[in-house]
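Following: one structure in structure tokens, then a few remarks.
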Amino acid sequence: MGSLQLTLVLFVLLSYVPPVRSGVNMYIKRIYDTCWKLKGICRNTCQKEEIYHIFCGIQSLCCLEKKEMPVLFVK
């Protein structure tokens, strides 16, 4: 009888799922929100000192600093 009670208590304790914050970890999100060889950042609008280079998904822009922009034409 004692082992049955112990088994039931362990089952109840192990089945408890503690509440957690939903969403991804901020460090993981920062890695996946980068673009262009981890030099750009995916945003809805670029800041003043940044320029838009490519799209990130459907709605976001890949914003790069001007010094990180690749050379498009070589003369």
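Numbering starts at 1 and runs along the chain as it is shown here.
Glycine is treated like the rest: Cβ placed from N, Cα and C.
If you go by Swiss-Prot, CYS42 shares a disulfide bond with CYS56, out of CYS46, CYS56. Swiss-Prot names the disulfide partner of CYS46 among CYS62, CYS63 as CYS63. Around CYS63 (disulfide bond), a 10 Å sphere centred on its CB holds 22 further CB atoms from the protein chains shown. When the Cα atoms are compared, CYS35 (disulfide bond) and CYS46 (disulfide bond) turn out to be 13 Å apart. Note: the CA-CA distance between CYS63 (disulfide bond) and CYS42 (disulfide bond) rounds to 6 Å.
In the three-state DSSP classification, CYS46 (disulfide bond) falls within coil. Just so you know, the Cβ of CYS42 (disulfide bond) picks up 18 other Cβ atoms within 10 Å once every protein chain is counted.
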